[in-house]
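Have a look at the structure below before the remarks.
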């Protein structure tokens, strides 16, 4: 009497691994390939963990039910013996006809019904186990795919030692480095600026990740020349970006590094740090003429209104008149934070954009962009100009500003 229930109990235990399947449903159609995040992997792992817990709980419940049923069958077998001790034929799935003995017919009928129901449930569980197995295999393949994508993206989030290729990544894909790092200490950080990339062998201009000291990583446009690597901090070329922005925008940066943009005062300050730097200014007019200027500079922090520290010859051309221990100082000014040297006016409101205005009349490379030279002089003064080259009222066609540490002269 115990052998048949025990065999069925074994079948149920084998099939019980599919518990809670009815709540799972069919797998969702595979998503289109895309970059993954750790959150997606965590969601899948959490779902599989919950599924495993549910299966275990269902197995325990089914095991208890089978144990109770087995005990009832054993009790029935003892009660159904004839007075001489001969047992009633064993109750099986194929022998469900009630005995003609004195056993209680209601009890036997109830047990027969339960056995039929259990057999039906076992068949359903076998089917669901097979279905869930296919579902779990698909989930496993998806997790492997996501893990592969995460491994591919790891250079964007880990240090230089995990994948040095992250230092040469251009959108949307990193390029491989030209050679090994110079020393082991460089294996754990990104380059400080474009000049460090140049010193390590990079000769192609483009977009790269850098990380100045004390700053999180960010993307910059590097221009590689025979003089070394230059970090582009501003570009004007087609008027696609509005440069009449508030203080916070000029602090953090705006625009597209591949087109018109302003890198951000705080980023420039971090790149320069305490080192000596030089600023290159490239200008172009509407007749195809070009001018290039270079001069030593230092940029203070936000507590100095990101003041440019300039030497006397250059300072006079830009209108700087504030003496500091480091030289003549020219604070940055916007329409919502006025730091210019005109006490009676706000140069950023009178003109346009944010700039180291001085007395409003020397230069403004972040002014309004005109696609042709306006006729009205009052309108022209709001444009992009550099007084000592094409004059106060000539709006320029294109400008680029670049910085490089002065130590690059010795390195190059």
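Just so you know, glycine gets a Cβ as well, placed from its N, Cα and C.
Marked as signal peptide by Swiss-Prot: 1-23.
Marked as coiled coil by Swiss-Prot: 106-153. For the coiled coil (106-153), the model's pLDDT averages out at 76.
The N-linked glycosylation site annotation in Swiss-Prot covers 183.
As annotated by Swiss-Prot, domain 'Fibrinogen C-terminal' applies to 185-407, with the evidence given as sequence analysis.
When secondary structure is read from DSSP and collapsed to three states, residue 222 (disulfide bond) falls in the strand class. Cβ environment of residue 222 (disulfide bond): 194, 197, 198, 202, 205, 206, 207, 208, 229, 230, 231, 232 lie under 8 Å away, each six or more residues apart in the same chain. According to Swiss-Prot, the disulfide bond annotation covers 194-222 (among others), on the basis of sequence analysis.
Summarising the annotation, Swiss-Prot assigns disulfide bond to 347-360 (among others) and lists sequence analysis as the type of evidence. Cβ neighbours of residue 360 (disulfide bond) (same chain, under 8 Å, six or more residues apart in sequence): 340, 342, 345, 347, 350, 351. Under the three-state DSSP scheme, residue 360 (disulfide bond) falls in the coil class.
Within 10 Å of the C-beta atom of residue 347 (disulfide bond) sit 26 other C-beta atoms, taking all shown protein chains into account.
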